[in-house]
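Inspection log for the structure reproduced underneath, given as structure tokens.
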Amino acid sequence: MFVHAFFATVAVAATMAFKNQRPGASADLSQDQQKLALPEGFSQFQRSFLCVALLAWFSDWLQGAYIYDLYSSYGYDQSEIAQLFVAGFLSSMVVGSYVGAMADKYGRRKMCSAFAPFSDYSVLMVGRVLGGVATSLLFTVFESWMVCEHRSRGYPPALLSTTFSRLTAGNGLAAVTAGLVANGSTQVFGTPLAPFMVACAPLLLVSLLTLRWPENYGDSSVSVAASLKRAWSYMCADARIVTIGLAQALFEAGMYVFVFIWTPALLDTTLPEGTDGVQNYLGIIFAAFMTCTIIGSNILEMLMAPKVGVSMYDMALIAHMVAALALTAATVAASTGQMYLAFLAFEVAVGMFYPAYSMIKSSHIQEEVRSTVMNYFRIPLNAFVALALVRISQFSSTVALVVAACLHVLALCIYIYSRRLLLGSSEKEDVPDGADEEDEGAGMLMRKNSG
């Protein structure tokens, strides 16, 4: 069942990607970009960035499918595993808030290099704490370095979107490949520690390759505290930013609860007699989840094409609704197949959510404070997840799924209110859906499902 479902999702994703990339669709979506002649050195610069960034994402994805299984194999119960997860989220909440401002002051390349050693999970609790910092680095400094370097070299702003779109596509492929590699390495070596050992190679390459990058900075004359204070004042003065940030935090909190609970939830279901256990297919299941996020992104691209004209605000609404319905369905699933189908639908929603929200944020958050504000959004996210995991460890996987579903229902309600504010400001200011081409490209960066 799991193998068949994986190949089915791959077929759907490949078909949709081909349809979106056909000449007619390409012309509809990027006529201006097709007229641009690539500046000298741009292709090499783009390949250099994508190679390092995708290696970093690949190393992070490798541990996604087996992190729970690894801790369980060491004899830890669900409560102790939850504490390990909480440590990571709390460290991201406390320390991660300063990462964006520190990168601006002390150099983005240095922070990109720091991602690799911070991803060492050899010591479980220390590894989770450092892993929380690594997550903040991964979601901020690579993008910051690339955008700054792109501008300093004088490349056309419109070309940013090509880099972001290729990063998005490559990230999905890296996630699927990581799931398959994780599954294969576990089967070969007979231990859930295998994917973590495999991750050492790409992490080492990330550290070495970033040494070849030139350093760049934000406003190094401004202190970290001053940067944080300015972003906080800006955010508190605008209800649109507060509400969209809270809706995002609740969505991601529900998603991370799902990341924590999907393995035990599937393990608690009953498979037909003669079927191998779920634990034998964790990597395949994870790869199918990631393929579904690619499907979600392709759905968004198709629906937002000029010929259809669905707005980014409506796409975010669709993502919220599908996510809430999918997890609600999972709580009442009567079989492994039904629950798995609901999980796949949820991952499709995740694939729509991230690019839609990134485009919304690129249109409404000022460039000067964007990175710091986005890091502030992670504070309530990590607080919600840490609180949820502390309590969830005391309950069954079904109750945990109910908690995740409730978080998504609440996120949907807040987004509906936020959408009214955003649409009102857009009509007043006459802001187009995609903002400018640069912001549309930047909006395609993030697509996660998992921590």
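Just so it is clear, glycine is given a Cβ too, placed from its N, Cα and C backbone atoms.
TrEMBL entries are annotated by machine, without manual review.
Listed in TrEMBL for this protein:
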type: COMPBIAS; residues: 432-441; note: compositional bias 'Acidic residues'
type: REGION; residues: 428-451; note: region 'Disordered'
type: TRANSMEM; residues: 81-101; note: transmembrane segment
type: TRANSMEM; residues: 121-142; note: transmembrane segment
type: TRANSMEM; residues: 193-211; note: transmembrane segment
type: TRANSMEM; residues: 239-261; note: transmembrane segment
type: TRANSMEM; residues: 281-300; note: transmembrane segment
type: TRANSMEM; residues: 312-334; note: transmembrane segment
type: TRANSMEM; residues: 340-360; note: transmembrane segment
type: TRANSMEM; residues: 372-392; note: transmembrane segment
type: TRANSMEM; residues: 398-418; note: transmembrane segment
(message) Cβ under 8 Å, sequence separation of at least 6 from the ends of the transmembrane segment (312-334): give me the contacting residues as numbers and ranges.
(response) 247, 251, 254-255, 258, 265, 269, 296, 300, 303-304, 342-343, 345-346, 348-350, 352-353, 356-357, 359-360, 363, 398, 401-402, 404-405, 408-409, 411-412, 415-416, 419, 422-423, 426, 433-434, 443
(message) I'm a bit unsure how to read this: which one of 193-211, 239-261, 281-300, 372-392 has the highest number of Cβ pairs shorter than 8 Å with the transmembrane segment (340-360)?
(response) 281-300
(message) At a threshold of under 8 Å on Cβ distances, which of 193-211, 239-261, 281-300 pairs most often with the transmembrane segment (398-418)?
(response) 239-261
(message) Below 8 Å between Cβ atoms, which of the listed ranges 193-211, 239-261, 281-300 makes the most pairs with the transmembrane segment (372-392)?
(response) 239-261
(request) Could you give the residue numbers and ranges of same-chain residues that sit at least 6 residues beyond the transmembrane segment (239-261) on either side and whose C-beta is under 8 angstroms from one of its C-beta atoms? (result) 64, 68, 82, 85, 89, 320, 323, 327, 343, 346, 350, 353, 357, 360-361, 364-365, 373, 376-381, 384-385, 388-389, 392, 397, 400-401, 403-408, 410-411, 414-415, 417-418, 421-422, 425, 448-451
